[in-house]
Amino acid sequence: MAGRVPSLLVLLLVFPSSCLAFRSPLSVFKRFKETTRPFSNECLGTTRPVIPIDSSDFALDIRMPGVIPKQSDTYFCMSMRLPVDEEAFVIDFKPRASMDTVHHMLLFGCNMPSSTGSYWFCDEGTCTDKANILYAWARNAPPTRLPKGVGFRVGGETGSKYFVLQVHYGDISAFRDNHKDCSGVSLHLTRLPQPLIAGMYLMMSVDTVIPAGEKVVNSDISCHYKNYPMHVFAYRVHTHHLGKVVSGYRVRNGQWTLIGRQSPQLPQAFYPVEHPVDVSFGDLLAARCVFTGEGRTEATHIGGTSSDEMCNLYIMYYMEAKHAVSFMTCTQNVAPDTFRTIPPEANIPIPVKSDMVMMHEHHKETEYKDKIPLLQQPKREEEEVLDQGDFYSLLSKLLGEREDVVHVHKYNPTEKAESESDLVAEIANVVQKKDLGRSDAREGAEHERGNAILVRDRIHKFHRLVSTLRPPESRVSSLQQPLPGEGTWEPEHTGDFHMEEALDWPGVYLLPGQVSGVALDPKNNLVIFHRGDHVWDGNSFDSKFVYQQIGLGPIEEDTILVIDPNNAAVLQSSGKNLFYLPHGLSIDKDGNYWVTDVALHQVFKLDPNNKEGPILILGRSMQPGSDQNHFCQPTDVAVDPGTGAIYVSDGYCNSRIVQFSPSGEFITQWGEESSGSSPLPGQFTVPHSLALVPHLGQLCVADRENARIQCFKTDTKEFVREIKHSSFGRNVFAISYIPGLLFAVNGKPHFGDQEPVQGFVMNFSSGEIIDIFKPVRKHFDMPHDIVASEDGTVYIGDAHTNTVWKFTLTEKVEHRSVKKAGIEVQEIKDSEHKLETSSGRVLGRFRGKGSGGLNLGNFFASRKGYSRKGFDRLSTEGSDQEKEEDDGSESEEEYSAPLPAPAPSSS
């Protein structure tokens, strides 16, 4: 019975306890926030656990949060929530650990971790539900590569919601200096569906006993396979230091086919199979571990400490997505007689060079530490192509550093928390501290010059490699230059731009309501305009654009929310019982709100500190029209900060821009309905969003259904330019201007279209696209409004996914004056900038819209007299409401009545 105790311990460590108390989603969310706090300076991990790679891919850095094990054979666990709600796929793993400190690591996928702490002792359990092993590492194993088209499925309705990392610290003598450990694994995930789903088949002995002094001991495992066909592509063996060889086979009709055979004393990686092996229903899977008991004075059992043993064979496979099973196990030997015919190779130890072996006891390793040089990777070709987005590999290859030993990096490029110039200096420092890989670097001065040259060359290479991580520039497909005589200087930006989602925004995927407008107040707080429990669908208006659902009454909830841009807390709310179908929102320099309501056909000026109602109303309530006193579904407002002039885009059933005096008196209007497939300047089909360029005296209009941006002079109303790109697709929904830059979002493509829905950053002077961007969490469906703040933050509100995202802009920019109106101006200098929310190093003053997430349902449910009605996910299709991905139907979001084909999607 005593021999069974260690076996049970192993099962508890590998398989999670399912009897622990269920944790509430709120506690899980709180725990997730806690585990993403910044690490200690001593910590070797990144301070940014989620790293965007491109519009569909992102990296997840799962690390111990700076732990110090106090006794040998400590098992620590930590968890991280999958940062996306929808289905995603793990397509690459990279270990971030060294055998100097870590014996082995396991990565599990599950729906609820056993603890809500930032880390815990694994004897408390791993997960409260079933856990799937996704990855295993020991002995400085290199990265695992999955075949193209293969991924581990996580998230969604059936995939794991959490990753749980288990790290076994065998001998802790390496922690005598009390340094903090941040070992872990980095994952590359994609939201693109993979046709083949990866899984893990674990073969493990739980009852093997190795007698003391016994020269050869076999531990056999076998199970009949009873599932859909699986295709084996990699395997990994694991024992402690008594193991000599581990072999795995498929047995079919008496024939033994090798899956994999390896010494467990080699780096315990997932090795690719030499030949593809398929396993079908009825096949027998068999594995053998060969041990020796020589040198031991007592029997050794299967257990969780380094003095115990393990016999594990991990088989990594893929299956067709429709039949995929993510995890299977075999812990028995159902066919012991079959092993009489096992190939003799299964009992032949694999020779291992002494410099490839790591002693399990740390003191034995340190005994030879000065005698055995570190393994150096072969010299890489100068032009070796790196995987885009893999900053770790980039820096490792740049410095000639081993990919699997990252703790020497004093600077983590994925953090990108300093300017690029700081990075270059830090890289030089790292290279010098590494002695540039030279065994004779300590000889000092005689190598200084050569080292300096190597530093320079490697830094140059770094710049070239980093450029491969930038998104390609899109070129202008149609751009009309400013008219002659315009002599105002405009800053020009010719460097690299990259927008990244602010992944620390809480609750971005929990926001349940229709967001029609976003803006920033003078205090840089985010302001959201939403529709509560009202929706816009095909029944909202008749053929004459008269609202048909007046009987519902106005929206009973506060429709304007002031949000803290840092933590998404609701600071203030207003707008109850005023609106029917909110649409546009802008804020003037005095902090007044300007909003439009497409059901009321009106424009309102509101003082956020005045609860007595609007201080100015333009238009006639519920009366669509096209004269000086009426609007027809007005979309947006812009107020000139210098003159106070009011500009209204009008709208869905009119095709004009209307100007009013600061007191609301009609001044003029311009624009007409588009005719034909090539609309002329000044023609509109749904002018949807406005952006003022005050210092140039221009007003730019998002001409939504014509998929272009038109700019006009505010004094003469003269057409200045058109910005149009093929990558806009069929729509431009919203725009926002800051000095030198124009931001935009397009619309969801029609069936068969190639252009995706995404955000754009453009050089305002040239109209050239500098960057395109998408969120990591959730996805754009109908990004309806956009605003850019003065600290470089951009917010986008989506009317279908009911979400507000927050993005930050990183810029390496050449900032210079340009020649305009025949005036020759001098180039000032090249400079490098990083737009940071926490500092004053910003480019000009940015005024715009921000992003983030909050739970409106929770907000209203917590307030007396309010309900969650209208803020939990809506079930009615149509209008600005979220639609299912496979719906296939066109949105009627902001249709006020049937429009000629192709009808614009509304929001």
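Note that the numbers count up from 1, one per residue, in the order the chain is shown.
Heads up, the Cβ atoms here are built off N, Cα and C, so glycines get one too.
Curation plays no part in TrEMBL annotations; they are all automatic predictions.
If you look up TrEMBL, you'll see 1-21 marked as signal peptide.
The domain 'Copper type II ascorbate-dependent monooxygenase N-terminal' feature in TrEMBL is assigned to 61-172. Counting residues per DSSP class in helix, strand and coil order gives 3 helix, 55 strand, 54 coil for the domain 'Copper type II ascorbate-dependent monooxygenase N-terminal' (61-172).
Annotated domain 'Copper type II ascorbate-dependent monooxygenase C-terminal' per TrEMBL: 197-341, in sequence order.
Counting every protein chain shown, 31 other Cβ atoms lie within 10 Å of the Cβ of Asp785 (Ca(2+) binding site). What TrEMBL records for Val518, Asp785 is Ca(2+) binding site.
Annotation source TrEMBL lists protein binding site at Arg531, Tyr652, Arg704. Cβ contacts within 10 Å of Arg531 (protein binding site), excluding its own Cβ and spanning all protein chains shown: 28.
In the repeat 'NHL' (568-609), helix, strand and coil residues by DSSP number 0 helix, 21 strand, 21 coil. Among the features that TrEMBL reports, repeat 'NHL' is placed at 568-609 (among others).
Over all protein chains present, the Cβ of Leu585 (Zn(2+) binding site) has 26 other Cβ atoms lying within 10 Å. As annotated by TrEMBL, Zn(2+) binding site applies to His583, Leu585, His688, His784.
What TrEMBL lists as repeat 'NHL' is 618-663 (among others). In the predicted model, the repeat 'NHL' (618-663) has a mean pLDDT of 97.
Feature annotation from TrEMBL assigns repeat 'NHL' to 671-715 (among others). Among residues of the same chain six or more beyond the repeat 'NHL' (671-715), those with a C-beta under 8 A of the stretch's C-beta atoms are 478, 486, 488, 490, 584, 586, 635-642, 645, 647, 649-652, 655-657, 721-724, 728-737, 739, 742, 744, 746-747, 764, 785-786, 902, 904.
TrEMBL lists Asn763 with the feature N-linked glycosylation site. Of all the Cβ atoms in the protein chains shown, 21 others lie within 10 Å of the Cβ of Asn763 (N-linked glycosylation site).
Per TrEMBL, the feature repeat 'NHL' maps to 767-810 (among others).
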Fill in the blank from the handout: Cα nearest Tyr652 (protein binding site) among binding-site residues (Val518, His583, Leu585, Asp785) -> His583
Fill in the blank from the handout: Cβ-Cβ distance under 8 Å, sequence separation of 6 or more, same chain as His688 (Zn(2+) binding site); the residues meeting this, in order, are Thr635, Asp636, Ser649, Ala702, Asp703, Arg704, Val732, Phe733, Ala734
Exercise for the section: Output the one of His583, Arg704, His784 that, of all these binding-site residues, has the highest number of other Cβ atoms within 10 Å of its Cβ. Expected result: His583
Practice task
Take the Cβ of Val518 (Ca(2+) binding site) and count every other Cβ within 10 Å, whichever protein chain it belongs to.
Solution key: 30
Problem - Maximum Cα-Cα separation (Å), residues Arg531, Tyr652, Arg704 listed as binding protein - result: 21
Handout entry: CB contacts for Tyr652 (protein binding site) [other CB atoms within 10 A, all chains]
Key = 30
Exercise for the section: Calculate the distance in Å between the alpha carbons (Cα) of Asn763 (N-linked glycosylation site) and Asp785 (Ca(2+) binding site), and round it to a whole number. Expected result: 19
Exercise for the section: Whole-number Å only: compute the distance from the Cα of Leu585 (Zn(2+) binding site) to the Cα of Val518 (Ca(2+) binding site). Expected result: 6
